[in-house]
Amino acid sequence: MNRRTDADSWDPASSVGATATMVAASRARASRGPDALLDDRLAGPLVRAVGLQPLVRMIDGDTAVDDPPSSPRSLNEQIAVRTRYFDDFFTAAGAGGIRQAVILASGLDTRAYRLNWPSGMTVYEIDQPQVIEFKTRTLAEFGALPCPDHRPIGIDLREDWPSALRQRGFDAGQPTAWIAEGLLVYLPPEAQDRLFDNIAELSTPRSQVATEHFPDPNGFSGPRAQRLSERWHRMGMDLDMAELIYHGDRNTVIDYLADHGWRVRARTFEEMHAHNGFEPPDDEMMALFGGMSYVTGIRK
């Protein structure tokens with residue numbers, strides 16, 4: 001595959017879009033069986049509709065992910081920790097009175113359809129036009145219903161997405177809950193800063209943002225990227241992490257948010273496993289995600 005360019009685009013079966021489908025397949029796998037760790041009943045049908053056969057086989061259980069020393073249980077726990085963190089973030093924001101939610105780079109995220117949103121909540125989703133069109137059309141064909149006020153927006157986050165958001169009725173005078181899940185490494189370093197600058201500009205006090213933080217902002221280059229690529233290849237996916245991410249020095253999330261008007265709380269990868277009642281992550285999970293924190297910022 002080719003290295004990223006500033007004008008590239010994708011659908012759920014290609015490039016960065018395929019990684020979103022892979023995450024959906026992980027949610028589907030963790031939602032299977034009597035010991036399911038998640039309840040995302042739409043993830044599996046979406047993955048089937050995309051049609052990437054290695055991922056279809058994975059959710060069907062027809063092929064094991066040959067990924068020692070990580071067990072299937074460890075892999076399911078990892079995606080459960082991540083998914084629950086952002087689910088709980090939105091649930092708490094709604095309980096606290098926030099009535100605007102924005103899912104940035106939503107991919108095959110189904111929260112607009114499966115979370116119990118409070119009355120009056122408006123949920124915006126932003127992603128590539130092909131991704132938004134595929135998901136909304138496919139879920140409509142399945143008969144899935146989103147929350148009553150669901151406003152998907154097809155635009156690249158490297159473009160003027162704040163204007164597109166306002167055009168769909170976003171009210172910058174009201175507190176908002178934002179998530180940027182699994183997104184930042186796919187943005188150029190300057191676009192990451194611009195993303196958080198735009199979020200800050202659109203956020204009144206009491207607004208909240210949730211994302212992930214790595215103490216080494218270039219942590220997904222080098223050995224981590226190689227490990228992920230090897231895992232994907234064993235699954236039958238022709239993806240190379242080093243070709244999908246943007247390289248170069250970037251600001252650390254916690255410091256950038258703290259320096260730009262947010263009160264920040266971070267919970268480590270290991271802490272969140274314990275919070276969910278899981279055993280400590282195994283060595284392979286730590287090699288991939290050790291040092292990572294889940295971060296919430298509250299606008300001052």
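Think of each number as a place in line: the chain as shown, counted from 1.
Including glycine, each Cβ sits where the backbone N, Cα and C put it.
Note that the structure is a prediction, hence the values are computed from the model and not measured.
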Return the residue out of Asp127, Asp149, Asp171 that Swiss-Prot annotates for the same S-adenosyl-L-methionine site as Asp156, Leu157.
Asp127
By a 10 A CB contact count over all chains shown, which of the binding-site residues listed here is most packed: Asp127, Asp156?
Asp127
Cβ within 8 Å of the S-adenosyl-L-methionine site's Cβ centroid: which residues qualify beyond Asp127, Asp156, Leu157?
Leu104, Ala105, Ile126, Gln128, Ile155, Arg158, Glu159, Trp161
Any idea of the Cα spread of the S-adenosyl-L-methionine site, Asp127, Asp156, Leu157, as a max distance in Å?
7
